[in-house]
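Some features that TrEMBL has for this protein:
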- 1-33: compositional bias 'Low complexity' (COMPBIAS)
- 39-55: compositional bias 'Acidic residues' (COMPBIAS)
- 90-102: compositional bias 'Polar residues' (COMPBIAS)
- 871-902: compositional bias 'Basic and acidic residues' (COMPBIAS)
- 708-773: domain 'CBS' (DOMAIN)
- 1-132: region 'Disordered' (REGION)
- 856-902: region 'Disordered' (REGION)
- 195-213: transmembrane segment (TRANSMEM)
- 274-295: transmembrane segment (TRANSMEM)
- 328-345: transmembrane segment (TRANSMEM)
- 351-367: transmembrane segment (TRANSMEM)
- 379-403: transmembrane segment (TRANSMEM)
- 453-474: transmembrane segment (TRANSMEM)
- 489-509: transmembrane segment (TRANSMEM)
- 550-570: transmembrane segment (TRANSMEM)
- 576-600: transmembrane segment (TRANSMEM)
- 621-646: transmembrane segment (TRANSMEM)
- 652-670: transmembrane segment (TRANSMEM)
Amino acid sequence: MTGHANNDSSASSSSRPLNNGSSSSNSNSNSNSPPGDRDELELWSEDEDIADVLTEDPIRDREDLEEPLSFKRKQKQNVLSTPGRFLSAITGSRPGTDSPHSSPRVRTPIQDAGRPGFTSPRRTGVNATTTHGTKDGAPLDWYVEGPGRRVGYEDLTAIDWIFEYTKERQRLRVLYASAQGLLGYFQQLVDSSQVWVILILTGMAVGAVAAGIDITTDWLGDLKTGYCSGGPEGGAFYLNKGFCCWGYDEFSKCAGWTPWAKALGVSSTGGKWFIEYFFFMFLSVILACAAAILVREYGIYAKHSGIPEIKTVLGGFIIRRFLGSWTLITKSLGLCLAVGSGMWLGKEGPLVHVACCCANLFIKLFSNINENEARKREVLSAAAASGISVAFGSPIGGVLFSLEQISYYFPDKTMWQSFVCAMTAAVVLQAFDPFRTGQLVMYQVKYSTGWHGFELIPFALLGIMGGIYGGLFVKANMAVARWKKNTPWLPGPITQVAAVALLTALINYPNSYMKFQTSELVSNLFVECTKYVDDQIGLCKTGVASAPTIVLLVFGAVLGFFLATITFGLQLPAGIILPSMAIGALSGRAVGIIMEIWVANHPTFFPFASCEPDVPCVIPGTYAIIGAAASLAGVTKMTVSIVVIMFELTGALTYVLPIMIAVMISKWVGDAISRRGIYEAWIHFNEYPFLDNSEEMVIPDIPASQIMTRIEDLVVLTATGHTIASLKNILDTHPYRGFPVISDPRDAILLGYISRQELTYNLRISSSPPRSLPPETEAYFSHQPLADPRTTLDLRPWMDQTPITMPSRSSLHLAVTYFQKLGLRYVLFSDRGALQGLLTKKDVWYVLNGAEETRRTSGLSRDMGVQSGLTREDGGGEQRGLLRDDGHEEGISPADDRDTIL
């Protein structure tokens, strides 16, 4: 059986019921207090400074928060257990706290006779409940069973989901118990509306930021080929080519756009080509290097797409500064520069990171959400949908993307919240209309014709090609990342970015298709030839003239695969969604043109009998759409969200079935080559402690006892026999994140678990003024009736007395399910209350991802691998990869200290 740790009354005094009897030497007002607790109240009343220390909240090093709550699982008692309860059951009233038979768990604040008006801070705030019973939602005292008090989470550590949701339930109980009348209803309304305010503000901010990024990237991308000059055309330098030549059907007739060769007065054909080639390469390298420098100096967490880290954060991991204001600014500006450089990267993934950064900034305005890590992650899950909404102009696709790819925990209410946030972002982006076309994205198209049955075969072929591309890309990109990590002689990140940008510009310029910005290329590939006004790149050639087009399309897809492989992973904001779509669209358009030629040359072939005369039978643009969807599915392993996104892009319901077929086949083929998607592969590469609760993992069929750390190898704390000095010595000697607490070494009855953070905080506070306890002060973890609270240190409030426990005979599969579904950090194993061992989330990660390989790559010693269930204070492998690029450790820039987040 599984359950919470049970304290054996025969093993430890802390597990015995508290003494509720009265004493002749005590006043009636204190008759319900245990001796130890009664003395504590007298001590706190004597010194106001000591009271201030005990009410100080260390969460996030802030001093303006209320005292952390403590909780207990309420046990129903028999009505006849006490006369007071029997009387209340008959009369319908609740016994007051003054009754000697009332529950000792809730007391009236103790007034100090020597200080009129002074209330013991131990009973103030949320704990200052007078006559309300426990069913009214009043918090319970710390000394009973419960998860205890906590300090703020350290950087690069996991949150306690159970504690966070317990804290939220306790907050709501207090709110609903104290909210009465019209004012109480208004308080509840304000509390419930905070999430919606955050999501609406986030959607508005994301829509505005996305519009700014769209306009800026288009201008920077066009700046590599020329600029908009003033004059009779009425242009301005800040206009991109599309706005500068607005109203022209053919850009070649636009006199307002000035190429760099014309600006320098070069008139020869060779000179023009060289000058324009030079400016194209020069500005590409400058923009890419500027983005890399911006990331290195002001926000190291702004690099890459950010989706692997977001998945890890939503899974319960703390990464400070990852969603801070400086990261938001750096990501937005760096994304404009990186996309404008023309490198094979996209902005869709980084926009999800931007959306979560915006949501995090608004979360800070509401303390009820900001102080609860679980609720914060629910809001971030909803906000992530707005990033995809503005990236593709697909609000519903954004919701499904958040559900399918991003979120770790996605309750029903989060789906509705995601929809509101995604819709708000799309409406604001539509209001800005950055392209002045009424479209949310540049490559949004409309198809008016359907497809034929014989086209299912090439559609399936595109699915196979997309799966092959996705599987090979994941393997190739990871091979490049491992090679850079293990090659010490490589230059720094900025030099790598400059080299790749130069290589990309050298390859892109001669190819008429790759010369375009990626979004513009995808837009051209999606459009039907009947809607082309200015066919700049010859996509609509027919017959023999289309042969060079097919060659260039295939060649562009191959080169795009190579460039995207070496680009994704550099130290600059970069996504992989749009490059994957472009590669799939290039190959899909080539297949579509081949099919178009085949149908035109063999109109009497029996599969083509369904084609109508004088009506295009094959539309190459639809093949580009289906190829893009298949490639995207092969890389990311997403399915439903891709189909919906493509449907919202095309608006053609008739093409949903071909897209579904291609995506399904691509997923199957891609899984055969690489089980992990690109985001999961980077999570594994960076060794983030993320256990996907929806992933089908191969779990060894062994008992959990074979990989847990046995009690013989554990560093445990006994209930008594410690001093402040001895506990500090244990912390200095053993750099583990926490310690199980047992009754004594002989029986080893499990009493609870205390983390290193809480223990360190208490030892530091107790040794500092105003208490200033000496090092030889006795410290204990169980109830000691004869202990003097003025000269001893009681650590029970900060100990988790109800940790999740399992029998040592439990299977590893069950233990992994606990970690995945409950988001646990550790599980303790016990038999009949006696501690047997411990298993941490990182240990499970090692087992599921290959312990030997992980230990070798992370540099951990053998005793820190599967054979040890303890995680070091520095996080071991948890933080590797967060600040690392290509094997080079990058320090946190001074600017990063200006803002913290989770």
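Quick reminder: no glycine exception, Cβ is built from N, Cα and C everywhere.
Of the ranges 328-345, 351-367, 621-646, the one with the most Cβ pairs under 8 Å to the transmembrane segment (195-213) is 351-367. Distant neighbours of the transmembrane segment (274-295): 220, 223-225, 259-261, 264, 266, 302-303, 330, 333-335, 337-338, 340-343, 493-494, 497-498, 500-502, 504-506, 508-509, 515, 570-573; these residues of the same chain sit at least 6 beyond its ends, with a Cβ under 8 Å from one of its Cβ atoms. Most Cβ pairs within less than 8 Å of the transmembrane segment (489-509), among stretches 328-345, 379-403, 453-474, belong to 328-345. Between the transmembrane segment (550-570) and the transmembrane segment (328-345), three or more CB pairs separated by 6 or more residues in sequence fall under 8 Å, so the two stretches touch. The transmembrane segment (621-646) makes contact with the transmembrane segment (453-474), as judged by at least three Cβ pairs under 8 Å among residues 6 or more apart in sequence. Taking pairs at least six residues apart, the transmembrane segment (652-670) and the transmembrane segment (379-403) share fewer than three Cβ pairs below 8 Å and do not count as touching. Beyond its flanks by at least six residues, the transmembrane segment (576-600) meets 305, 344-349, 391, 455, 458, 461-462, 465-466, 469-470, 473, 513, 518-519, 521-522, 525-526, 539, 542-543, 546, 549-550, 553-554, 556-557, 560-561, 564, 567-568, 608, 611, 616-632, 634-636, 678 of its own chain at Cβ-Cβ distances under 8 Å. Long-range contacts of the transmembrane segment (453-474) within its own chain (CB-CB distance under 8 A, at least 6 residues past either end) are made by residues 561, 564-565, 580, 583-584, 587-588, 591-592, 595, 607-608, 610, 618, 623, 626-627, 629-637, 658, 661-674, 676-678, 681. Here the transmembrane segment (328-345) has long-range neighbours at 209, 212-213, 216-217, 219-221, 223-224, 280, 283-285, 287-288, 290-291, 294-295, 298-299, 302, 306, 351, 353-354, 357-358, 361, 500-501, 504-505, 508, 517-518, 560, 563-564, 567-568, 572-576, 578-579, 582, meaning same-chain residues at least 6 beyond its ends whose C-beta is under 8 angstroms from one of its own. Broken down by DSSP into helix, strand and coil, the domain 'CBS' (708-773) contains 24 helix, 19 strand, 23 coil.
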